[in-house]
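Noted in Swiss-Prot for the protein shown:
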REGION    10-91  region 'Ubiquitin-like (UBL) domain'
REPEAT    103-140  repeat 'WD 1'
REPEAT    142-184  repeat 'WD 2'
REPEAT    191-230  repeat 'WD 3'
REPEAT    249-287  repeat 'WD 4'
REPEAT    289-328  repeat 'WD 5'
REPEAT    334-374  repeat 'WD 6'
REPEAT    378-416  repeat 'WD 7'
Amino acid sequence: MEAENGEGQVQVHLKTKQEHYAVPDVPYAIDGSVSTTELNIFLNALLQSKGAEGVDFDFLVFDEYLRGRLCDHLREKAISFEDAIDIEYVERFPAPEPQDCLLHDDWVSAVKACGKWILTGCYDNTINIWTNKGKHKLTIPGHTAPIKAVDWISMDDENGRFVSTSQDQTAMLWQWNIASNAVECVSVCKGHERGVDSVCVSPDAQRFATGSWDTMLKIWSAGLDDTSEGTAKRVKESGVRTPKMTLQGHRESISAVQWMDATTLVTGSWDHTLKVWDLQLEGIKTEISTNKSIFDASYSKLNRLIVTASADKNLRLYDARTNQGSVVRNTYLGHNAWVQTVMWSNTEEFLFVSGSYDTQNKLWDCRSPKAPLYDLLGHGEKVLDIDWSNPKYIVSGGADNTVRVFKSGKATIENMETK
């Protein structure tokens, strides 16, 4: 019982999937009151013979990060102190570093990175293209109301293609010639009856989906030529592109849309639901009820889980594959105001980022619900959108008229190792 009070010892096995940091798989007797700090000291002493001392680790006990004393963690999990405990250790993900601040003339409500380019959308109705080194390339007028979402369709050495959506009820397709730095509107996509809040391009870049305040989900062609229109002329000559499909089911605004695969999408809404749509059936495949309006949602192709951002300051984790559709897998505490935006890493299975009205971005590990890995500070007003499409950069836009660019800590270390 002494260990339960943080006094006595606990038998543990230290395990890792990173073989170069492995220690002998034998029981170790450690004090029940240890935290991550003491475990790091203990583990680094064991690793001295491998020349790996000085490495910072995080520790997983029953699939959750240790964030306090070991005895408190075990008590919370109702784990017997008499049993040998497996503790998994992983090299700590390095802290992202602030790299740049991109100044705009109005709120930045949409950001999306692709390679060395950053696409931004603003409340002054303009789209902007920047390099990830902070050089402004182009300001693009066209919409007649604030931009709400942007996404890249394709990118090569000569051209970039992207889509933007706006409170003006339209989506617009664009083609940018990189060499001449000239942009052309390929099509104006009309069909929504209220502002278009969300957009996502399909994995094959042939279609894109939009979600609107009119509660409708619409699917559009992303091709330069849309044969259904009977012409391949540009919008200056041919006018409007119409949706390929309209799907109804939400009762309030669709705030998030993402392709899960070539025929499946997930949407999040202010109506407190996540819906998974089957485009082949042209209907809802799964519905997950939540207890709060959803401002954003992100699906991970690596772990097949969905994380949501809501008005109650929390993020929540769901599994659309389970029959228990209303059960939350985890709740993440740390923001102090509405959480407006969230996105999974597309290379790190357990990591995601969020941005909030509390002016902060946070980097999370989904196995650490009690605290984020890092706070990413810099914005002076509420954060409106965050993006981690480029694994090397976390990019966010806010009501302080700036885009903040953070370099991934892992990218920083890789650069140092190659010098």
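Including glycine, each Cβ sits where the backbone N, Cα and C put it.
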As a test: from 103-140, 142-184, 191-230, 334-374, 378-416, pick the stretch that has the greatest number of Cβ pairs under 8 Å with the repeat 'WD 4' (249-287).
191-230
Counts by DSSP class (helix H/G/I, strand E/B, coil) across the region 'Ubiquitin-like (UBL) domain' (10-91):
25 helix, 24 strand, 33 coil
Which whole number is the mean pLDDT over the repeat 'WD 6' (334-374)?
97
Interface present between the repeat 'WD 3' (191-230) and the repeat 'WD 7' (378-416) (three or more C-beta pairs under 8 A):
no
Could you give the residue numbers and ranges of same-chain residues that sit at least 6 residues beyond the repeat 'WD 1' (103-140) on either side and whose C-beta is under 8 angstroms from one of its C-beta atoms?
146-152, 155, 160, 162, 164, 166, 168, 174, 176, 181, 183, 384-387, 389-390, 392-393, 395-399, 401-403, 405
Using a Cβ-Cβ cut-off of under 8 Å, list the residues of the same chain that are 6+ residues beyond the ends of the repeat 'WD 5' (289-328) and lie near it.
252, 255-256, 258, 260, 266-274, 276, 335-350, 352, 354, 356, 358, 364, 366
